[in-house]
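What TrEMBL says about this one:
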TRANSMEM  A:21-40  transmembrane segment
TRANSMEM  A:52-73  transmembrane segment
TRANSMEM  A:80-97  transmembrane segment
TRANSMEM  A:103-125  transmembrane segment
TRANSMEM  A:132-150  transmembrane segment
TRANSMEM  A:170-192  transmembrane segment
TRANSMEM  A:223-242  transmembrane segment
TRANSMEM  A:254-270  transmembrane segment
TRANSMEM  A:277-299  transmembrane segment
TRANSMEM  A:305-321  transmembrane segment
Amino acid sequence: MPSANTAASGRPNGFANRINLQQYVVYFGFLAIFLFFAIVLRDSGFLTVRNLSNIVLQTAPATIMAIGLVFVMSAGEIDLSIGSTVAVSALAAAVTMNDYGLVAGVLAGLGAGLLVGLLNGALVAYVKLPSFLVTLATLGLFAGVSRSMTDLRSIPVTNGTFTGFFGSGAFLGIPSLIWWTAIAVAIGHLIYRETRFGAHVLAVGDNSRAAGVSGISVPRIRLTVLMISGGLAGLAGLLYAGRLQAAKYTLGETDLMTVIAAVIVGGTLLNGGKGSIIGALVGSLMMGMLNNGLILMGLSVSDQMIVRGLIILAAVAVSLREKSR
Amino acid sequence: MTVNAEATQGAPVLRLQDIRKSFGGIVAIENFSLEVYPGEIVALVGDNGAGKSTLIKIISGVHPPTSGTMTIEGETVTMSNATMARAHGIEVVYQDLALADQQSVYMNMFLGREPTNRFGLLDRRRMIDETEKLVKELDVRIPSAHATIRDLSGGQRQGVAIARATHWASKLILLDEPTAALGVAETAKVEEIVQSLKSRNIGVLIISHSLDQVFKLSDRICVLRRGKQIGVRETAKTDKNEIIAMITGLQHS
Ligand SMILES: Nc1ncnc2c1ncn2[C@@H]1O[C@H](COP(=O)(O)OP(=O)(O)OP(=O)(O)O)[C@@H](O)[C@H]1O
Ligand SMILES: [Mg+2]
C-alpha cells in the first residue's frame, strides 16, 4: 500500500501560495516601496547613503518596541501602553541621571519600563483582565504620569557618555543605534525561534488550553511577554533620550500605530500563534522608509497619517484573511 | 466486584477502588472500582451524563476524587493536576485533542516537553526524527513532521494526538471519544492505531458511544449509568443486547 508518510511536501499548491504571500508580503512591500521612492524621488536625495542610514537610525526605537510586541501578540495579547511607557522611561532616566549619574539613570529608565510591564502583566495573567483593556488604561495612565512628572517640560540629557552610547555615538564605525537594533533583533529572534520559552509563547497564543494541559504555565508566559514589551519600550525611551539629548512626554506618542503596523505587516498574527521578529524589523524599516519618502515627496503631516492608516488597513486585511481561512 | 480477564498477567497498571466524586451536592461518580492491565483495552460506555468524562478527569488529575483510592502499578497515588498524571506515565487524548493548530506536527508532539541541546536551544532535529519515527510506526499518514496541524484532516489530527500520547505514555492512555468527529475511513484508521497500542504493553481506557467500535476494540467493557458502575464484562463473553440493557437499565427481549 503506498503511504504518503513523511513525504517531503504533500501540500497542495494553493496552500503553499497563500502561505508564501502572507509570510513574504513584507519583503515584497518593502521592495516595492523602496523602488517606488527610488524612482519618484531620485532627484530629492532619497537614495543617498545619508538619507538611507537616517531611516535606520530613526526607526531604531520603533524596531525595538516592535520586537516586544511580536512576543506579546504571538501570545495572543496586545500592549497598547508602549506609547506612553517610552515617555515615562525616558523621563525617569533623564531626571534620575541629572541627579544621580549615568548608571542610575539607565537603570531608572529600564526599570520604569519593566514596572509598567509588570503591572500590565500581573493584571492580565493573574487578575485575568483582557490585555486590550488593561494596556489601554495604562496607556492613558502613564501618558498622564509623564505629563505631571515634569509639568510638560522637556528635560535635557547632557551626559555625553549616555548620549554617545544610546544616541549619536558609534562603535567600529557603526552608529550605536544600529548596534542596538541589531543586537535586539538578534537576541529577540534567537529567543523567539530557538528556545522553549519562544515555543511556549506561540503555544499559548495558539491554544492556551492545550498549552495549559501540556504543562506550560499560561499566566507566567502572559506576564513575561508583557514585561519583555515594557522593558523594550524602556530601552526605546533611552534611545530617544540619547538621540534627542532630551526627554519629553511626547516621546513615543505617535509610535503605537507605526509599531503595530510594522509587526502585523511583518507577518505576526493579531490573534497569536504565529509571528516573526525579522519580519517586524523589515516592517519597521518599511514604515520608516514610508515616512521618510512621504516627507521628501512634500506630503503634509495629515496626508502622511492618512497614507499610513491605509497601509495598516491593508496589512490587517491580509493578516485576518490568513487567519480565517 | 470487577471481573479480571484471565488472559492478562501481572499487576494491573491502574486500579481504582471505591472512587466517589461529587460536585457540590451532585454525586457524579460513586462506588466505582476498575482495573486496567498492561496491553489491555477497556471500554467505558454509558449514556450522556453517565460520568465517563468525569472518570477520565479523575484519573488524569483534572478533578481529584472526593474519596476512594487510585493505584498505579501497585503504588497508591494522589493526583491533583494533569502534570502529576503525566509524570506517572498517564496520557490523555482529549475530546478537543488539545493541539496547537498553527504549530507543526513535531512541535505539538513535544508541546511543553521540548528537548534542548547543550546550548539550551530547541533540539529540532531530535523532535523531527522522533516524530517521523513514531508516525511511521503507528502509520499515521501525515504529509510530514513539518506540516501545520490545521492543514491536516480530522483523522490525521486525531492520529497526531494519539501518537503524542503514545510517545509519552509509559503506562496508560485515556481516550475520550476519539472517533466521534470522524468519517468511516478515518475511524477505521484510528481504530487500527488504538489496536496497535496493545503491542506496546500500554493499558488503554477508551470512551465510545459506538458499540460496534467497542466490540471491535476492547477486551473488557465497563458500563456506567448515572454515576454508578453497573458492571464489567469480558467482551468475548457478552453481546450487544446485554450491554445495551446495562446502559439503559431496560431489559431487551
Ligand atoms: N465540573 C462539574 N460541576 C458540576 N457537575 C459536573 C461537572 N462535571 C460533570 N458534572 C456532572 O457529572 C455528570 C457526568 O458528566 P460527564 O461529563 O462525566 O458525562 P459523560 O458520561 O461524559 O457524558 P457524555 O456522553 O455526554 O460525554 C453530569 O451530570 C454532569 O452534569
Ligand atoms: Mg463526555
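Numbers here mean position along the shown chain, with the first residue as 1.
Any Cβ shown, glycine's included, is placed from N, Cα and C.
Non-local neighbours of the transmembrane segment (A:80-97) in the same chain are 61, 65, 68-69, 104-113, 116-117, 120, 132, 135-136, 138-143, 145-146, 149-150, 155-157, 159, 162, 229-230, 233-238, 240-241, 246-256, 259; each lies 6+ residues outside the stretch with a CB under 8 Å from one of its CB atoms. Outside the transmembrane segment (A:277-299), and at least 6 residues removed from its termini, the chain residues within Cβ reach (under 8 Å) are 23, 26-27, 29-30, 33-34, 36-37, 40-41, 44-46, 51, 54-56, 58-59, 62-63, 66-67, 69-70, 181, 185, 188-189, 192-193, 258-259, 261-268, 307-308, 311.
Residues 46-47, 265-267, 276, 279, 282-283, 285-286, 289-290, 292-293, 296-297, 318-319, 322 of the same chain lie 6 or more positions beyond the ends of the transmembrane segment (A:21-40) yet place their CB under 8 Å from a CB of it. For the transmembrane segment (A:223-242), the residues of the chain that approach it from at least six positions outside its boundaries are 60-62, 64-65, 67-69, 71-72, 74-75, 77, 79, 81-82, 85-94, 106, 109-118, 120-122, 124-126, 131, 135, 157, 162-168, 176-177, 180, 184, 197, 201, 251-252, 255, judged by C-beta separation under 8 angstroms. Among the listed stretches A:52-73, A:103-125, A:254-270, the one sharing the most Cβ pairs under 8 Å with the transmembrane segment (A:170-192) is A:52-73.
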